[in-house]
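To keep things clear, I will list the structure first and then write my remarks on it.
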Amino acid sequence: MWGLFTLLQYRAHSFGEMAAYRFLVGFFEAAFFPAMHYVFGSWYRGHEIARRGGLFYTGLNLGTLTAGLVAAGASHRLEGVNGLSGWRWMYIICALITFPVGILGYFLLPGTIEQPNRWILNDKDIQIGKDRLERNGHVTAGKFKVGNLKKILFSPRFWTVVLVDILFWNAGIHKTTGSFLLWIKSLGRYSPAQINELGTIAPALGILYNLVACFASDLILGPAWAITASSLLNASGLVILVIWNVPEAAMWYGFSTMYWANALSSVLHGWVNTLLRDSPEERSFTLVVITIIAQSSTAWTPLLTFPTVESPRFPKGFSFCLACALALVVATHVLDVYLKRQEAYKSQVTASGEDAQSDGASSEGTPGAKMLVHKQTCWWGRYCGSGMLSLSSKCKLELYLGSKVQVRLLSLGAIAVQQVRHGFYYQA
């Protein structure tokens, strides 16, 4: 459907018709971005995911780059062919690319461990992938339930991630407003075809920026500092664009750095995958919702900050992007500090839990043996309760969260807490 409505744009004869086609293209492509990042998080561990996402994300820059070249070629060589304008041929060409890619995706995308693509994966491959993730604390099975919604929406972690994603998308909206092309046009010395060709400089450099940021995140800096570096490099160009009255060479630098805003995308979404590795349902919900909220904001912020009457300078627009880029650095480190504190607390109480299990196990066979269950965030990231439990060799421990869930006894006084969630009580 994405390809079909891309194709139909070639026959548009009014603004309303074109707007309808563009809406439907956006509707059918919307799931692609969060779905792909969810798939990455279903196979790769935290120190691997940014590089893989970065290699995938080079396709976006290549797509933008080649779209400019296709537009230049269509306007120059296909104008009037079979009675069609060059811009109409551009949509036909894009559709002819989209259809085979969609078919290939059905056969080549791996799916998830729960729902793998059996065309390319066998049971051994799936088991290897599952074992790799579980060794790193990833939960590979889980379905979203309405009952999870309250927990997610009342989590500070969720809303901090939403804020970071909103700032990420808005720090780079100057890429999508055509500001670079409008500035080149304002120089008054290039033809339309040359303008489109020169406009590919930024996305071409974006491929390099993307790979540098993603590999640095996995191998050297970690996600927080990779996001910081990318945002500051984006901000360095935006400072020039805000000042504007600078030498032309500086302007070329300013516009050539704008794809640093995109370079951190796979780092950020890989980070989200990693910090939610304990809950596939929360991970899928969060990836979708943060994308919806963040991209919804970019539907109206360009209208306010990049009015066409201010073209090509856009003083409000470049200032807004600069503010978002700097705020993104701050929000990223707020999230990073919060997560590090959570991890430190988790490590502390996990160690305490192991001591408690050892104490409980030493009482095996003693009726009424006591075991302390600490209030803690478990290794799996779920919440445990607090209190003293009287355990005997015949007891059956259960917890209640809407419906009854049985908790397995590893030994007398040692409890497997993988299924424990917030808001339950024990009954022995």
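Backbone N, Cα and C define each Cβ position, glycine as well.
Sequence-distant neighbours of the transmembrane segment (20-43) (same chain, 6+ residues past either end, Cβ-Cβ under 8 Å): 1-2, 5-6, 8-9, 12, 49, 52-53, 56, 109-114, 129, 133, 140, 266, 269-270, 272-274, 276-277, 280, 283-284, 287-288, 291. According to TrEMBL, the transmembrane segment annotation covers 20-43 (among others).
Annotated transmembrane segment per TrEMBL: 55-74 (among others), in sequence order. With a cut-off of 8 Å between Cβ atoms, the residues of this chain six or more beyond the transmembrane segment (55-74) that come close are 36, 40, 86-87, 89-90, 93-94, 192-194, 196-197, 199-200, 203-204, 206-207, 210-211, 214, 259, 262, 265-266.
Counting only same-chain residues 6+ beyond the ends of the transmembrane segment (89-109), those with a CB under 8 A from a CB of the stretch are 2-4, 6-7, 9-10, 39, 67, 70-71, 74-75, 78, 81, 117, 119-120. Sequence annotations record features per position, and here TrEMBL assigns transmembrane segment to 89-109 (among others).
What TrEMBL lists as transmembrane segment is 152-173 (among others). Within the chain carrying the transmembrane segment (152-173), a Cβ under 8 angstroms from the stretch's Cβ atoms is held by residues 231, 234, 258-259, 261-262, 264-265, 268, 272, 275, 282, 285-286, 289-291, 293-295, 297-298, 301-302, 305-306, 317, 320-321, 324-325, 327-328, 331-332, 334-335, 338-339, 342, all 6 or more beyond its ends.
Taken from TrEMBL, the feature transmembrane segment applies to 193-212 (among others).
Annotation comment: TrEMBL describes 224-244 (among others) as transmembrane segment. Counting same-chain residues at least six beyond the ends of the transmembrane segment (224-244), those with a Cβ under 8 angstroms from any Cβ of the stretch are 50, 171-172, 174, 179, 209, 213-214, 216-217, 250-251, 253-258, 260-261, 263-264, 267-268, 271, 313-315, 318-319, 321-322, 325-326, 328-329, 332-333, 335-336.
Residues or ranges marked as transmembrane segment by TrEMBL: 250-272 (among others).
Beyond its flanks by at least six residues, the transmembrane segment (284-305) meets 30-31, 33-34, 37-38, 41, 144, 148-149, 152, 158, 161-162, 165-166, 168-170, 173, 176-177, 269, 272-273, 276, 314, 316-317, 319-321 of its own chain at Cβ-Cβ distances under 8 Å. The feature transmembrane segment is assigned by TrEMBL to 284-305 (among others).
Annotated transmembrane segment per TrEMBL: 317-339 (among others), in sequence order.
Remote same-chain partners of the transmembrane segment (193-212), defined as residues 6 or more beyond its termini with a Cβ less than 8 Å from a stretch Cβ, comprise 54-55, 57-58, 61-62, 64-65, 68-69, 71-72, 75-76, 175, 180-181, 184-185, 230, 233, 255-256, 258-260, 262-263, 265-266. Within its own chain, the transmembrane segment (317-339) is flanked in space by residues 156-157, 160-161, 163-164, 167-168, 170-174, 177, 179, 223-224, 227-228, 231-232, 234-235, 238-239, 241-242, 261, 275, 301-302, 305-306, 310, which lie at least six positions past its ends and keep a Cβ under 8 Å from the stretch.
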